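Please read the structure below before turning to the comments.
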């Protein structure tokens, strides 16, 4: 076996690297090239900020493509740019907009990985004769007895991206490789300088790639102008406290920007797209104990539909550490259900819930799903 757990010698093993134009994927290409693999770089043209926000000169995607091409030239590997804009708009951007309109808080990176990178790009890589598709994600995969592979949290806890990759299927894991899963970020940047890459000190992206300056409301208003309608801001006790310009400007758990002179700290508890109401209340009203999941991807050893109280750890936001919980299959609702050991605040439909075997820093990823419904207590979810 070679360093990628593949049977052929590196020089006989073709690896397609998904090159975003950032330091991480560029270093992956450099590492594999140095190890003697037949490396091919592919960059996806996914979006145009100008088209999304209706502003001229708003596109930064062109710079990323330029950076990826320059990295490939420095490393001496072939590089191709593929136009995936139409499929990205349909699978990710349109779904993102529709989710917000329905009062949800979507995580578009999960859908991009699921539909674009690990489905469409993976198929393209195989068409090019690739033995593996490598990415710059900070997550680890390791072989298991029997020949299958499992997904694990990355070595660098500050960079771990397993939350966004829970939807990776077992079949995809057989072909995917994540060389940075065992490296700290500072080592990645050191390698970039060693390889002579111009992106060695390029800042990490902080925003959703197709949302400039983090203003997702502008993107949604542009894509779905008829869906933005004003409504009332209502307290849980029934009082009308004010008005708003559209529920797309709010997320569950939000406190800032409510502009309510009530003298008490209030948080967004629920969004009602049917009535265009933003429901607010005290922080304790945000506590969630039970989460029902949709579109569940399961990587565990036991069949998901046979689980009835499996101890796990779950992550409901990328910035939070996994917390203890119990996983079961709700036969009446025909969905997976997570019961949190300790209630969590700010859990919203549309968010991702990643499931781990335990709370450890290198825990195995067991899958996850999209949060369909939340309940304040176990009794309410029964």
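The backbone N, Cα and C atoms fix where each Cβ goes, glycine too.
The ATP site recorded in Swiss-Prot includes 18, 19, 20, 21, 22, 23, 24, 25, 136, and the single candidate from 4, 6, 44, 151 that the record places there is 44. Site extent for ATP: among the recorded binding residues 18, 19, 20, 21, 22, 23, 24, 25, 44, 136, the largest C-alpha separation is 16 Å. Applying an 8 A CB threshold to same-chain residues 6+ apart, the list for residue 137 (site 'Interaction with tRNA') reads 24, 161, 164, 165, 178, 180, 181. Around residue 44 (ATP binding site), taking its Cβ as the centre, 26 other Cβ atoms fall within 10 Å, counting all chains. Here residue 22 (ATP binding site) is compared against the recorded positions 112, 209, 351, and the shortest C-alpha distance is to 209. According to its DSSP assignment, residue 24 (ATP binding site) is helical.
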